[in-house]
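The next block holds one structure in the form of structure tokens; read it before the comments.
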Amino acid sequence: MPAVSKGDGMRGLAVFISDIRNCKSKEAEIKRINKELANIRSKFKGDKALDGYSKKKYVCKLLFIFLLGHDIDFGHMEAVNLLSSNKYTEKQIGYLFISVLVNSNSELIRLINNAIKNDLASRNPTFMCLALHCIANVGSREMGEAFAADIPRILVAGDSMDSVKQSAALCLLRLYKASPDLVPMGEWTARVVHLLNDQHMGVVTAAVSLITCLCKKNPDDFKTCVSLAVSRLSRIVSSASTDLQDYTYYFVPAPWLSVKLLRLLQCYPPPEDAAVKGRLVECLETVLNKAQEPPKSKKVQHSNAKNAILFETISLIIHYDSEPNLLVRACNQLGQFLQHRETNLRYLALESMCTLASSEFSHEAVKTHIDTVINALKTERDVSVRQRAADLLYAMCDRSNAKQIVSEMLRYLETADYAIREEIVLKVAILAEKYAVDYSWYVDTILNLIRIAGDYVSEEVWYRVLQIVTNRDDVQGYAAKTVFEALQAPACHENMVKVGGYILGEFGNLIAGDPRSSPPVQFSLLHSKFHLCSVATRALLLSTYIKFINLFPETKATIQGVLRAGSQLRNADVELQQRAVEYLTLSSVASTDVLATVLEEMPPFPERESSILAKLKRKKGPGAGSALDDGRRDPSSNDINGGMEPTPSTVSTPSPSADLLGLRAAPPPAAPPASAGAGNLLVDVFDGPAAQPSLGPTPEEAFLSELEPPAPESPMALLADPAPAADPGPEDIGPPIPEADELLNKFVCKNNGVLFENQLLQIGVKSEFRQNLGRMYLFYGNKTSVQFQNFSPTVVHPGDLQTQLAVQTKRVAAQVDGGAQVQQVLNIECLRDFLTPPLLSVRFRYGGAPQALTLKLPVTINKFFQPTEMAAQDFFQRWKQLSLPQQEAQKIFKANHPMDAEVTKAKLLGFGSALLDNVDPNPENFVGAGIIQTKALQVGCLLRLEPNAQAQMYRLTLRTSKEPVSRHLCELLAQQF
């Protein structure tokens, strides 16, 4: 930048600013400003032409007055005239005034644009930079329309100076963020990628920021940047601090550029080229190695720069989720930060480990730090760090440590900050249900929750414990005994009274044989709490009382006396009054048989997924990211509520981090009729449709019941299937995106995760399959602040798929607000074996521009695999029966991932087959069996996987009764290793 000459000091401006600062009152300041405005106006209107220096001085004064908060309605033309000056300082002040005061509706905008175009067309790099800075500072749509085509040309021009390229890249980035549709993609996109090889580090830094933003919407246009980014990163990471002296910050070479390059690489999957991938892995290992080296400076700036690169490196390792060694090393490095004296580092380490805990490769490594995390939960002074510690405990929990983690979280709950208590309660409830070893422990845990933090136990939590106790005969007696003892405490939370009233009303007879819990004692205990409770709880207790009359006839007179009391029959609350009147009449006129029929025990609730997960997601809020679990499987976990027995492909640990994606909420438990009118037991409390006794459902009906979406608003809507949306023909949609096959392969061995994500949209999947049926939930998240219009996701059946796979889709809202998400339900039925997955076409308008996206839906033939156990003799007999050449498919291939027996086992289980032990003579080999269920027929499948660790090779052999199925399954499974 040219040096400012001595004459450019503008003494008059300095005097004016000094006068303003010396004013003793607001009135004095306004008086001085008005005097100056009158002077400037007279100068501008005078007959004597002003020179450039005077114009600059007066324009600066106007700008200063405007920044003080006063309106300026003149001087704009003089500022525009300064743009035509050939002196840098005058042109600079003109651009400064334009950037701050002139809006896009100004009458002078055409003159301003002409001046900017003249400067852009000049060969003076200083003037070009001033013009580019002005465009970026204003950043309006009008500026974008005027210059969006010129700036890319300047950026990639061979004769542009480095400073101009740098300014052009940042200017284009500003315009693209403001109006993405105005920046044309063209030949320049390929050339801008090569700026990553530029010798000027400032140009590279600006180019990386631009490419990172552009590639999120147009990844294919910039995919060549991966190899260049890896190459540039490698040169930075491996360089000594003296090699990049001008860009070394406290002994750390180019930290800002390193972080930007690592973020750019997170926009793409791992490189397919082995050489590029090897070089990148070497870079990541180098960063992890440098983190272990002693610091070269004690300055905080050195550690900040070093740690910024390290954490971004760990984020990239987590993003790839394909290098077990790096994931474990990252986990160990983060473990060292857990006890760092810097609070921010401890927070970031806990946050990153939450994500690592959801990876199958690093989950065990994360668990080794459980004691440190528990200590952080107890001793951290910063509430945000304690909250992250609780999140990490939740993420690392599995069957082996569930009791310890739940116990520690309960202990922490007693002293936890009020702001996070409800969230801790929800997490404890979810973990207790998911990893319960026995139901008595689950009941004890929930009752402890109510005792410790009753005010924060939401309805979803205590609804759920009632649901589970009702459905489990083996825990009903224990629950009745435990809740009876809990109610004997002098101070008893109202939620405990609700749970106790319900359970004793249903199962109090199971403990009535003990004199200490005889029927009169049970009634007396409950009624002692009656007058201290809210109307809703008293209504529930009245329903319990009428149940007692049926269970314990000896209490009839006492209870009728309570119902007959004036405080009940003439209660000011109409609900309590009606219940008292109707229950009293029912107990007086109904025979014993009628009373027993009306007040019979509640039938089991329909099995559904817990709504507590959805409650937790809502509590975390949209900024918490995806609450959708990411596919880390825990084969030992079990559904405590008695749904289908989970297989490794359907069980996963929820990730605490999440972005826009949520879990569906189940409706509250339903209640059967207890009497006519308002006398339904708990019907008002649970506010759900009545559960009528019925014959046992078919397996298909039971399965769909377990996968029930959120409760419809009307009871009749429960009977309706999702309305099928219009299915456009394949010719109406574009081809799948280039990475569609790669995205599909991610879901071959898992059912839950993020299917697609770019700058605008995130699509998550949660699915479950049984026999030939499946249900899939698609979550569409709007990542922008702008509403999507005409949003239309549809499923397309290419070729003959319509006759092979039936997919019913439910329409979604045509508008998706910024930051919001919508859910689409798909019911899937496999009619016969198929080779091609259906396509998902997503169309919408964003900012007036049409957007279209076509993906492959993660529905592959192995999703309808049912694992089959068989003895070795049966396996070999069946293997010989499938001996025809067309029934066998075999593939020998190189391992694409580290060969780990546990990982291989998890993938085979996730694929859907059962693993058979002691069948193959070689214990290193894997043998599996299963049946593919279709509506038309069943296809038996046997597989054998032979790893050769020395040669880093696999041999995969599959035999099925249908040739196409053998070949297709072999291809699908081979891609996973």
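Just so it is clear, glycine is given a Cβ too, placed from its N, Cα and C backbone atoms.
When T647, T653 are compared in Swiss-Prot, the phosphothreonine annotation sits on T653. When the residues S626, S657, S694, S785 are compared with Swiss-Prot, the one annotated as phosphoserine is S626.
When S297, S637, S652 are compared with the annotations in Swiss-Prot, the one labelled phosphoserine turns out to be S652.
Just one residue in S655, S792 has phosphoserine written against it in Swiss-Prot, and it is S655.
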